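Take a look at the structure set out below.
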Amino acid sequence: MMSLGKNWDPTARSYGPTRPFDGAQAPAIPDAFKMIAQTANSTASEFPQINPDICIINYYTNSGRLGLHQDKDESESSLTKGLPFISISIGDTAEFLFGDTRDKDQATKINLESGDVLILGGKSRLLFHGISHVKTNTAPSWLKEETGIRPGRINLTFRQY
């Protein structure tokens, strides 16, 4: 996991300007990344527009998972307004789960393929969501050839604190 903009501290479950273990400042979100997120956000007109100041980058190996959880550690103002988070998938396909409860057996399952964008905001902002598994060797061949991307999945999640 890597944080851009603000650092995510999983122990304190909070965002801040620096990493607690070494005091290093989180790198800035590249303008090109912000533009991609804002363009995606603008196509989903039912959600408020954000100016992302946080980007969490997760790398999932082929055995990677992420349990059902809610993203609710942003500011109270952000959550009250239902500001969306924008998730961009790169690499191998992942089975994405979401639902009203933390029960994976009741969750809806969809595949998120390389290039897919998922936006949860408004009433859907606090849905439980996670990754049940990564499907091996499903990244587009051109992506592997042109970038040398390793097996697995990269996910960029943008949000406004």
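All positions are counted from 1 along the displayed chain.
Every residue gets a Cβ built from N, Cα and C, even glycine.
Caution: TrEMBL annotation is automatic and unverified by curators.
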Given ranges 1-20, 141-160, the stretch to which TrEMBL attaches the annotation region 'Disordered': 1-20
Largest tally of Cβ atoms lying within 10 Å of a Cβ, found at which of the binding-site residues His69, His129: His129
Under DSSP, the domain 'Fe2OG dioxygenase' (51-161) has how many residues in helix, strand and coil? 15 helix, 49 strand, 47 coil
For the recorded Fe cation site formed by His69, Asp71, His129, name the remaining residues of the chain with Cβ within 8 Å of the site's Cβ center, in chain order. Leu68, Gln70, Lys72, Leu127, Phe128, Gly130
Around Asp71 (Fe cation binding site), how many other CB atoms lie within 10 A of its CB? 17
